[in-house]
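Taken verbatim from Swiss-Prot:
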| type | residues | note |
| --- | --- | --- |
| SIGNAL | 1-16 | signal peptide |
| DOMAIN | 39-587 | domain 'PLA2c' |
| CARBOHYD | ASN56 | N-linked glycosylation site |
| CARBOHYD | ASN95 | N-linked glycosylation site |
| CARBOHYD | ASN164 | N-linked glycosylation site |
| CARBOHYD | ASN283 | N-linked glycosylation site |
| CARBOHYD | ASN390 | N-linked glycosylation site |
| CARBOHYD | ASN443 | N-linked glycosylation site |
| CARBOHYD | ASN456 | N-linked glycosylation site |
| CARBOHYD | ASN462 | N-linked glycosylation site |
| CARBOHYD | ASN493 | N-linked glycosylation site |
| CARBOHYD | ASN514 | N-linked glycosylation site |
| CARBOHYD | ASN542 | N-linked glycosylation site |
| CARBOHYD | ASN583 | N-linked glycosylation site |
| LIPID | ASN606 | GPI-like-anchor amidated asparagine |
Amino acid sequence: MKALLSLLTAVAVATATPLDLSLRALPNAPDGYTPAKVSCPATRPSIRGAGSLSPNETSWLEIRRKNTVQPMTDLLGRLNLGFDAAGYIDRVSSNASNLPNIAIAVSGGGYRALTNGAGAIKAFDSRTQGSTQSGHLGGLLQSATYVSGLSGGGWLVGSVYLNNFTTIADLQSGDHGNVWQFSTSILEGPKAKHLQFLSTADYWKDLLKAVDGKSDAGFNTSLTDYWGRALSYQFINDRTGNGGLSYTWSSIALTDPFRRGEMPLPILVADGRNPGELLIGSNSTVYEFNPWEFGSFDPSIFGFAPLEYLGSRFDNGQLPRGEPCVRGFDNAGFVMGTSSSLFNQFILRLNKTDLPDLAKDVFSKILTAIGRDGDDIAVYGPNPFYGYRNSTAAYSRSRELDVVDGGEDGQNIPLHPLIQPVRHVDVIFAVDSSADGPYSWPNGSALVATYERSLNSSGIGNGTVFPAVPDVNTFVNLGLNTRPTFFGCDPANLSAPAPLVVYLPNAPYSTHSNTSTFQLAYSDSERDEIITNGYNVVTRGNATVDKSWPSCVGCAILQRSMYRTNTSMPAVCNSCFKEYCWNGTVDSKTPRTYEPTLLLGSTSTNAAYTQGVTWLVGILAVGVAMGMTA
């Protein structure tokens, strides 16, 4: 393991010019990256059942739902619905369960997902200049209760929240140190203004030192630890200059703005992998990280651990007397890295890339070796669910819990936390930046995976209901992969309450935003062009593609609420639902290759499907060093 990291260090040094590191900014870990023993609270931490929301989330929701009333009133009032939206929200606001309950989900897909998703968040944020003008959707973020992300979408969610719920514009501007400076690869390290590191070699030594500290304290580590530390340098604005070393995911819950309910609840998603498995199936356990807890609603676990005390040695849901409490395990970078442990996924997607055959062969051999040694996962040990409920499941008998990228089960949009009945979500704005086809555009596979899982005969869906969606061929043949589509428009057709899903697939409005998941370096202009394109995706070019789109967004927001309150929908919603709701039509013949053209005028040179050269050179060099190219 350390030999492999040393090789990566050597490769990075050999292919990079000397670099600097700048400063970044919730650190509350007791000993930096190393989890440490601390005094237990008077009520010792324990695992709780997943039959309800946590007391923390329940009490927070009482505050947050009230805080969405005014932003929602303002937003709906701007969307040309032709009825008294403010009056309706005022009438139902006395009972929060009748208010529209909005969620936003941002898919995985590396930096492509980060930047395209950032465009969506920027469009939904009323703080973005111009976002509350006619044709725009600013205020949807302020009206939302939940925001979920996985993999690259998780980096986006994490970076926004760990930098004090900052704006996308601020992250682009450089006002937060050197976060979001992607012109150099994560393998090389960030550019430095404050010269903490003089070179890439120093950067890698720092990563190694931090992870060694965790290992020396008795915790098993994997490649995800190094990956997470590297991500922190790109996404956390730590003013001490040490790359978010002491930042924890649970510390989000301690910030005053979050406690006041001034922002949605952030959730990251990851998948479980049983001991001895390499590939992740559709019935794998789906875990979530929210600011208070780590766990799963799936029947395999059906429990949640207090996130702040991960690393403590729980047994059958309790922390035995004599066992110390541990804090600092939920390092923010490690959590983001867990949700984006792409190493296994790279093997699955290699043949869909334009990498040379030699590179594919080398890459496959390296990653297979990593997977065989168990280094491609995030190790959560001690396993907080060891012996929990006296379960016979494989996870319960393992002292460690293996967790991987949240999209490896095919559910590349983090819908799982949002379709749980106890959360009562009404509408999900699902931003899909998946690379499903040969040119890295989405084709609805992520929605299909979630729908099929809800029907799985194994019972893994555990009572969740998801609207019907067509097969992926139909998505492409009907053009549902090119424009927004609503699923679940008529709640009367559902077997139980479920959200309306507004599907927002990545498409080329102003630039070709289908960059490769393998691309690890972006110029500022390329980054910004894809963010602008993402803004255009969710606003339909600020309603220039369809002037009725903002009204239709309002209809999607209101539909479930008005159904519950037996209120007639605005007349404009009839035409909106006719235009955007999937009507059940299926066309499953093999589609032609999807090669779209720009929907709006180009803002840049073509940014289509490119590989990260530094990554490729690094992999080949490692392969040569390991004797894998013979």
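Positions of Cβ are set from backbone N, Cα and C atoms, glycine also.
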Simplified to three states, DSSP reports ASN493 (N-linked glycosylation site) as helix
Could you measure between ASN95 (N-linked glycosylation site) and ASN56 (N-linked glycosylation site) for me? Cα positions, answer in whole angstrom. 20
Rounded to the nearest Å, what's the C-alpha distance separating ASN542 (N-linked glycosylation site) and ASN493 (N-linked glycosylation site)? Just drop the number here, would you? 32
Among ASN95, ASN283, ASN456, ASN514, which are glycosylation sites, the residue with the most C-beta atoms within 10 angstroms of its C-beta: ASN514
Cβ packing number for ASN56 (N-linked glycosylation site), 10 Å threshold: 14
Consider the glycosylation sites ASN56, ASN283, ASN390 and say which one has the Cα lying nearest the Cα of ASN443 (N-linked glycosylation site). ASN283
Same chain, |i - j| six or more, Cβ under 8 Å of ASN462 (N-linked glycosylation site); the result in sequence order is PHE297, ASP298, PRO299, PHE302
Taking just the CA atoms, what is the gap between ASN164 (N-linked glycosylation site) and ASN56 (N-linked glycosylation site) in Å? 20
Mapped onto three states, the DSSP assignment of ASN542 (N-linked glycosylation site) reads helix
When a 10 Å sphere is centred on the Cβ of ASN583 (N-linked glycosylation site), how many other Cβ atoms does it contain? 8
Using C-alpha atoms only, work out the spacing between ASN56 (N-linked glycosylation site) and ASN456 (N-linked glycosylation site) and round it to an integer in Å. 31
Cβ contacts within 10 Å for ASN164 (N-linked glycosylation site), all chains included, total 15
